Amino acid sequence: MSRSRLVSDKKNTYHILTYGCQMNERDTESLTGFLRQMGYREAAPDEAGILLINTCCVRESAERKILGKLGELRKYKLARPETVIGIGGCMVQQPGMGERIRKEYPYVDIVFGTHNLHQLPRMIEQCQFGQVVEVWDSEGEVVEDLPERKVEGIKAHVTIMYGCNNFCSYCIVPHVRGRERSRNPEDVVKEVHSLVGQGVKEVTLLGQNVNSYGKDLQPPVTFADLLRIVNGIDGLKRIRFTTSHPKDFDLALIEAMAESDKVCEHIHLPVQAGSNRILTAMNRGYTREHYMEMISRIREAMPQVALTTDIIVGFPGETEEDFADTLDLVEKVRYDNAFTFLYSKRSGTPAAELAEQVDADTKKARFQRLLQLQNGISLEHNKAHIGTLHEVLVEGRSKTNKELMTGRTRGNKIVVFAGDEHQAGETVCVRIDEARTWTLLGTLVPQNGQPQ
Ligand code: SAH
Ligand code: SF4
Ligand code: F3S
């Protein structure tokens, strides 16, 4: 297969497929920035000169889907041999994966990991002369000279730290993203300023465990400090953050949230399981009691707070009794929403070696019970909004009904209402009239109304 191609042709085009979490979406924005700097523009997959997959491996299902997709991309290579195919990100970072792709998918031109995506431009040049497989074992320094990104819309993600030190026993993330590295607050602020200059009104600060932000900096800075600093940025309307780890979530953060008017009253606090025995086996570093105590403190300080979580069902050794503890915790906390996952065995993690894996049928049945319980609670939460006023940051036209506008409450609930396109980027006051499991329907109220 010929690898010769005109990489410097300004008419060249790219297409990126992104799997996984917001971290990966943010990385894709950086990859896009590099490609744009090189003169590439976006195109449909069947027309693109460069096809990239940014991968996830947090669960086996993600990996299976991605390898299937990589197989499919071969048809583009067969139709147009000059197409460059590249794969990078978390999945590739697993031991032996680079080699496996090289052998099983020989038509792939570029293979890169999570730590060297800034080298994409060089790899594109180099792959004219042969397959490039470069996956760094360790993370190196935080790279700050990433290209300026082109943001669309009023919301953007800002990575404040990379990696994770927690090594939850089921999780592959620390193995593929390396140890925690915080960005300097000045660099974070610079990025937020630049985003605000491009019309961004809401930023979500990203990290695998934002509560340990800054511990590695000299002098150390806390996440609460960072929130206060970002809160001072003019032109920015809202601040969100994800993910908080219950073991590091502290009262200082609750105080900073309550004091900082731009920080929305929404906390995503993954509990993972309701049984202490399972929490210990997961190496989560907190007990059910500690978690419940934090939830009480949060609700005392911010009664309107929206709480969401992640839960894993069917961790090795999970008994019916353990699972009942999870259901019980969900009923007690009454989350606004929960992301529920079937435990997936990830090779290289300690939990994968545990003997008592829960069988697939039991896992699925428990998953359904949990889902049913949570869906009922989510709907009840939404119904409790009926008749109340909310500050909604307008995002634009609703995708499902172009006649209507859509936005989110401070608690991150989607609201659909009759409004004007020019309201995009504005905060408006909306009265909620109707509640569905995932959306609220409402009516605009003149601005002298008192949103919650
Ligand atoms: N750093 C964040 C999120 C990491 S990944 C945190 O600690 O909360 C997002 C979610 O995927 C996790 O919260 C967990 O619920 C889920 N997850 C991670 N590994 C998993 C596995 N092996 N099987 C099933 N779900 C998993
Ligand atoms: Fe994974 Fe735990 Fe780190 Fe989250 S905190 S990324 S679940 S190891
Ligand atoms: Fe995110 Fe998946 Fe990587 S969840 S950090 S893209 S393994």
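Each position is counted from 1, following the chain as shown.
Note that Cβ sites are derived from N, Cα and C of the backbone, with glycine treated the same way.
Taken straight from TrEMBL:
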DOMAIN    12-129  domain 'MTTase N-terminal'
BINDING   Cys21, Cys56, Cys90  [4Fe-4S] cluster 1 binding site
DOMAIN    150-380  domain 'Radical SAM core'
BINDING   Cys164, Cys168, Cys171  [4Fe-4S] cluster 2 binding site
DOMAIN    383-446  domain 'TRAM'
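Ranked by how many other Cβ atoms sit within 10 Å of their Cβ, the binding-site residues Cys21, Cys56, Cys90, Cys164, Cys168 place Cys21 at the bottom. Cα-Cα distance from Cys168 ([4Fe-4S] cluster 2 binding site) to Cys21 ([4Fe-4S] cluster 1 binding site): 17 Å (rounded to the nearest whole number). In sequence order, Asn166, Phe167, Tyr170, Ile172, Val173, Pro174, Gln208 are the residues of the same chain, not among Cys164, Cys168, Cys171, whose CB sits within 8 A of the CB centroid for the [4Fe-4S] cluster 2 site. A distance of 15 Å separates the Cα atom of Cys56 ([4Fe-4S] cluster 1 binding site) from that of Cys164 ([4Fe-4S] cluster 2 binding site). Within the set of binding-site residues Cys21, Cys90, Cys164, Cys171, Cys21, Cys90 have a CB atom less than 6 Å from some atom of ligand 3.
Selection of the binding-site residues Cys56, Cys90, Cys171 by a Cβ distance under 6 Å from ligand 1 yields, in sequence order, Cys171. Excluding the listed site residues Cys21, Cys56, Cys90, the same chain places Tyr19, Gly20, Met23, Asn24, Thr55, Cys57, Val58, Ala62, Gly89, Met91, Val173, Val176 with Cβ atoms within 8 Å of the centre of the [4Fe-4S] cluster 1 site Cβ atoms. Rounded to a whole number, the distance between the Cα atoms of Cys90 ([4Fe-4S] cluster 1 binding site) and Cys171 ([4Fe-4S] cluster 2 binding site) is 12 Å. Across the domain 'MTTase N-terminal' (12-129), the prediction's mean pLDDT works out to 94.
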